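Undergrad: One structure coming up, written as structure tokens, with questions to follow.
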Amino acid sequence: MGEVVQMHFTTVDYVIFALLLVASAGIGLFYAFSGGRQRTTQEFLMADRSMSCLPVSLSLLATFQSAVAILGAPSEVYTFGTEYWFLGCSYFLGLLIPAHVFIPVFYRLRLSSAYEYLELRFNKTVRICGTATFIFQMVIYMGVVLYAPALALNAVTGFDLWGAVLAMGLVCTLYTALGGLKAVMWTDVFQTVVMFAGQLAVIVVGTSQAGGIAEVWRKAINGSRISGLDLNPNPLERHTFWTLGVGGVFLMLALYGVNQAQVQRYLSSRTEKEAVMSCYVVFPCQQVVLCLGCLMGLVMFARYGEDSPLDKGYVTTNDQMVLYFVMDVFRDLPGLPGLFVACLFSGALSTISSAFNSLATVTMEDLIKPHFPNMTESKATLLSKGLALGYGLVCLAMAYIASIMGSMLQAAFSIFGMVGGPLLGLFCLGMFFPWANPIGAVVGLVSGLVMAFWIGIGSFVMRMSVPTPAPALNATALPLFDNITTTVMTTTVKSAGVKALYSLSYMWYSAHNSATVVVVGLIVSLLTGPMKEKELTPGTVYPVLGTLLFFLPDRYREKLCCITPLAQKVTSYFHLFPLLFVFQYLCFQ
């Protein structure tokens, strides 16, 4: 193994990278000094509920399309082939269910924090448990998202590690604390455009150097990188159609259904109809993002074949392979490496700023306002800005902790995946099962978290003790989810009994953990006295059971609380979905 090869930025590259940071900060300053000047918590945290469909859609897309994803998807396809493409199948239900179930419930209750719902449906204790779980999840996640791309950049280009971390962290903190949600969403729009431009530039130039798209495809087929439809139902297999297409639905629901960062965007829409439509607009954008990531992986394979930079020792981890490839392809094209690094850091900025804003919102709405109901609007707004600033500094501290964690960095990634599933289960328990009570909700959430950490840590320990033949992915295999659990969950050991659980595909994590919360929550609720219909807050239950159990007499349905209607219907967009199927089919051809 040779030493890691370093390539260097030109002045033009530095200028393009600096322009990204200046433009992002400029958008934040613009919203700090225009409009209502962020003088109210409604404007600062909820953008005055005045956003149109396009910025909401692109912001939804950018929030979890982070730098870890931009680095991870191509190296996943380069290493394992295009099986990963089938994740696109999970986007149908993964966006359709939030559009027609979660958005109508949240929007009609006029919430600011998703966790307000938990108090309306259960009680204050459940709300605080949900909020604390979310804060724990996002604080750990922020440091890793900030540190991982800076580390890869430093290894490949020699770009100053802490200079990059500080530049990103401080710019993000500045525009989020000054400009509020409007600034976050409009910088997301700008950063999404930069992300697409950077990835497209790499694909176009790389394909041209490889001899054209036909040559890229030929080499991919010869190298067995074009995967067929794997219908193996074994949940221990890392990637099959079922793990990606079905297990992926639960990951999408955890992200697009109940995560505060996304719920806040829906709630900032002008109307419920626009909030629903934004989910539909995200769908083709997600397909394009998936295709770009997969194409870049195939172009990488066309350039290097089986003789990867990792095997040659030019880089030390899969994280760094994409950046090495970009610097290699753009070696004689000054400015383009800077564009791709701007694309990479746009992903990190959009994710981190969304985290700051959502954390400030839940802390303000769930932990502070209930205890200080008479706080003046100006004080509340100033405190919200202070919270966004404080979380920015916490993020920099977490990046430092991530830097000294070494291999535990992989465990930190997995925590995000382990917490998302139980939170999804908690919301599903409240929304779909009217008889679920507060005790069942708390015991279910704790059970889901215990199960998640048990399997996650067990899998991590097993992976550390048993060598695996396939190269471990240190970056992501899941663009929208930032791979948060890939590294820890990819062990191929197949053991009997409890050990088999440790080999569960990371794509089933969300489904398994949310199901644990629902099952335990329902059993405990039935044992401790189920809730009655008159105890429910109107509008907090989605009447799916009433529809499924239509054949039961009314008196039985009433006992199951299955007859509570959800007021006001929103326009349905189901008729658009055949077009979306056609779109995905064309993308995959």
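The count begins at 1 with the first shown residue.
Each residue, glycine too, has its Cβ placed from N, Cα and C.
Copying in the features that TrEMBL gives for the protein in this structure:
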- 14-33: transmembrane segment (TRANSMEM)
- 53-72: transmembrane segment (TRANSMEM)
- 84-107: transmembrane segment (TRANSMEM)
- 161-181: transmembrane segment (TRANSMEM)
- 193-214: transmembrane segment (TRANSMEM)
- 239-258: transmembrane segment (TRANSMEM)
- 279-302: transmembrane segment (TRANSMEM)
- 339-362: transmembrane segment (TRANSMEM)
- 382-405: transmembrane segment (TRANSMEM)
- 411-432: transmembrane segment (TRANSMEM)
- 439-461: transmembrane segment (TRANSMEM)
- 506-529: transmembrane segment (TRANSMEM)
Undergrad: How about the transmembrane segment (161-181) and the transmembrane segment (53-72): do they have 3 or more C-beta pairs under 8 A, pairs 6 or more apart in sequence?
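TA: These two segments do not touch.
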Undergrad: What residues elsewhere in the chain lie close to the transmembrane segment (382-405), defined as a C-beta under 8 angstroms and at least 6 residues from its ends?
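TA: For the transmembrane segment (382-405), the nonlocal Cβ contacts are 38, 41, 44-45, 139-140, 142-144, 146-148, 150-151, 161, 165-166, 169-170, 172-173, 176-178, 180, 352, 355-357, 359-361, 363-364, 368, 375, 411-412.
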Undergrad: Pairs of Cβ atoms less than 8 Å apart decide it: which stretch in 14-33, 84-107, 439-461, 506-529 has the most with the transmembrane segment (339-362)?
TA: 14-33
Undergrad: At a Cβ cut-off of 8 Å, and with pairs 6 or more apart in sequence only, do we get at least 3 pairs between the transmembrane segment (53-72) and the transmembrane segment (279-302), yes or no?
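TA: Counting Cβ pairs under 8 Å (6 or more apart in sequence), the transmembrane segment (53-72) reaches the transmembrane segment (279-302), since there are 3 or more.
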